[in-house]
Amino acid sequence: INLSIFLDCGRKPEYPEKTHGSDSELKVDKDGVSDNESKVDSGVPEVPVPADDTPEVLNKALSGLSSRWKNWWVRGILTLAMISFFFFIIYLGPMVLMMIVLCVQIKCFQEIITIGYSVYHSYHLPWFRTLSWYFLLCVNYFFYGETVTDYFFTLVQREEPLRILSKYHRFISFALYLTGFCMFVLSLVKKHYRLQFYMFGWTHVTLLIVVTQSHLIIHNLFEGMIWFIVPISCVICNDIMAYMFGFFFGRTPLIKLSPKKTWEGFIGGFFSTIVFGIMLSYVMAGYRYFVCPVEFNNDSNSFQVDCEPSELFQLQDYALPGILESVTGWTTVRLYPFQIHSIALSSFASIVGPFGGFFASGFKRAFKIKDFANTIPGHGGIMDRFDCQYLMATFVNVYIASFIRGPNPSKVIQQLLALRADQQLHIFNSLKAHLTEKGLLPALEEAAA
């Protein structure tokens, strides 16, 4: 589950007190924008600051510490609790993981939409929240409908209602979205045109960032739990180690958007994540539960994770470069090919992944808020934990499609079985002619004899 409910990409910056725009920002401009709309455009929205929700037990236990060390302990304790929860849901299996992904997606959407509502609620925009949640429902119906059709094909074909919904799925999805679009147009109010289109765009960008990328997480999970756990764990590791290196050794600021992020933390997190990714991949690649694709068993009507591991998860000998050979005295090492891929995943998690956090920091600074919400004491909202994970999930999905995934025979067979008998016969004859031309069919017939 992009599941880094666990640590943000570094430490939280402290924000200056909110300042008010100049009087000129509140006047009607030459385009005829009202005072209120200019106030929105000035970039100084009114967003309420959430109160400190640190449990009273922790406040009392840590009352003698400075704010710096108190924050360190609160974040550390809650991080261990969330990592434990992460291990627990992995133990419960892929179905529970998918449900958690959906819950996290909904919570992230709610946090971002709430910020928009807090900014613009005084304008009493009609149907804003209703339409936002309606569009979330439409987009989830589309994406999850596609997933059900792909991975539960036999079950869908077995049930008449599901077969009809699957056949007309995209038309139904478009009709649902079109209904929401028409409702938005009908809700337009003359004095709030610009604000309403702001919020229409706000909702759709939120859907793109949250729903689309969370759907990619589920696709990664179906490829094998290792493609879900390793990337998430690498982001978590980078967050933790960057925070630790920055907390104890940080001296050189990294980026203005997050003043407390340092080069020392960035570099320390990078090397720690590379080592962690290689070690974790070695441990997990030896278990079928983690490396086999998640498939639906039609006989038992349940998910199963069992297969003959591919070459990607079988130990192979690799020759060491001359420099390493002279240092270690080894000529070869035995590795899982997946460990080499884990270096790419770890590198992205530690070099590019933090830019998801920088993006979120810029967003929060634009609205003068420290966190998206106060769901997790010392950590902020769920979105604060997932700003890096969503970017990582997209990369993993693209990486699998580009370098790992090949044709899927089971899906081809599913599509063939859905064809008419004459179409199946035509494909059979074409395939038979192709195999005969290549000289493979006689060999197969002799082997059968």
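Quick reminder: no glycine exception, Cβ is built from N, Cα and C everywhere.
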- prompt: Of the ranges 91-115, 266-290, which one does TrEMBL list as transmembrane segment?
  reply: 266-290
Task: Identify the transmembrane segment range according to TrEMBL, selecting from 62-84, 338-360.
output: 338-360
Task: May I ask whether the transmembrane segment (338-360) has at least three C-beta pairs under 8 Å with the transmembrane segment (196-218), counting pairs 6 or more apart in sequence?
output: no
Message: Would you say the transmembrane segment (338-360) and the transmembrane segment (224-245) are in contact under the rule of three or more C-beta pairs closer than 8 Å, pairs 6 or more apart in sequence?
response: yes
- prompt: Which sequence positions outside the transmembrane segment (266-290), separated from its termini by at least 6 residues, show Cβ-Cβ distances below 8 Å to it?
  reply: 224-226, 229-230, 233-234, 237-239, 241-242, 244-246, 249, 254, 305-307, 309, 313, 335-336, 338-339, 341-343, 345-347, 349-351, 354
